[in-house]
């Protein structure tokens with residue numbers, strides 16, 4: 001699969017309400033990928049308006065801060081009652 005570009009997660013915009021990362025596409029729309037898809041190993045963000053895709057460069061550990069920003073418990077964490 002051919003991608004338009006590689007983009008670091010830090011260069012993307014995260015919306016904590018929708019839990020979606022976005023990045024400007026040359027067509028005028030925005031590439032999109034959800035934080036849950038990224039946690040599940042997906043690293044390709046797609047543009048809903050054209051056929052372009054980008055590869056998002058990140059480590060799974062990078063996602064924890066974004067889950068916290070969205071007031072969500074990161075997957076894989078076990079809540080412990082005290």
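Placed from the backbone N, Cα and C atoms, the Cβ positions cover glycine too.
What Swiss-Prot annotates here:
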DOMAIN    3-59  domain 'DPH-type MB'
BINDING   25, 27, 47, 50  Fe cation binding site
Shell list (Fe cation; ref centroid = CB of 25, 27, 47, 50; cutoff 8 A): 26, 28, 29, 30, 31, 48, 49, 51, 52
Other CB atoms, at most 10 A from the CB of residue 25 (Fe cation binding site): 21
Integer average pLDDT (0 to 100) for the domain 'DPH-type MB' (3-59): 97
